[in-house]
Amino acid sequence: MFSTVLSSGCSDAAGLAGNLFAFVLFVSPIPTFRRIIRNQSTEQFSELPCIYALLNCLICLWYGMPFVTPGVILVATVNSIGAAFQFIYAIIFIIYADKSKKLRMSALLMAVFAFFGMVVFVSLRFLETHLRQMVVGYLSVFSLISMFASPLFIINLVIKTQSVEYMPFYLSLSTFLTSLSFSTYGVLKFDPFLYVPNGIGTILGIVQLAIYYYYSNKYGEGSREPLLASYA
């Protein structure tokens, strides 16, 4: 009995910590979007990281809902906040983008919500409880792992430029701590759909921090704003 209560308390603590660290990631693009608003232009920033992040948050939000996966509500809370932030960023991007980007971003945004709506409809209408959790779980794993393309891109950029200017320390640390927290949360909940992708994210976070330490010591820190892709 005591061990069950202890395990539940530890998992809740890990989940709450993950929510806190993830919030730092969600607000990290604010300087970029301030710049977009100030210059009234999206310049060369890509819309894809925002779209990928929104889709990821929506899928993981659905996975964390009680009628899909009971007992992991903290996954739903963090991703509901994340989805709200990404939607706001997407609207800002649409407002200040040129015509071609505006149309493309609008189409992608509608496609994301259409796909999410289809996932919700199919999983509720045609899948029983266990199969629903399995299907949405695999979708969330695929979504999370696909998001790792962004840190891999940043790591490659740092190695090529031999500069950490596009990989701020606080962002790398938050990525690592978020993945570690939700990996721990998944282990304590005995949920491989949580601890496998977040375990991979934790390893990537360690690699990012090690690369940051190496290049910042060797070449010094840069001063540019992080790439928009860095928060995805």
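Cβ atoms here come from the backbone N, Cα and C positions, even for glycine.
Source: prediction; values computed, not measured.
For 13-33, 45-65, 71-96, 108-127, 139-159, 166-188, 194-215, the entry in TrEMBL reads transmembrane segment.
Comparing 13-33, 45-65, 139-159 for CB pairs under 8 angstroms to the transmembrane segment (108-127), the maximum falls on 45-65. Sequence-remote contacts of a segment are chain residues at least 6 beyond its ends whose Cβ falls under 8 Å from one of its Cβ atoms, and for the transmembrane segment (139-159) they are 49, 52-53, 55-56, 59-60, 62-63, 119, 166-167, 175, 193, 196-198, 200-201, 204-205, 207-208, 211-212, 215, 227, 229-232.
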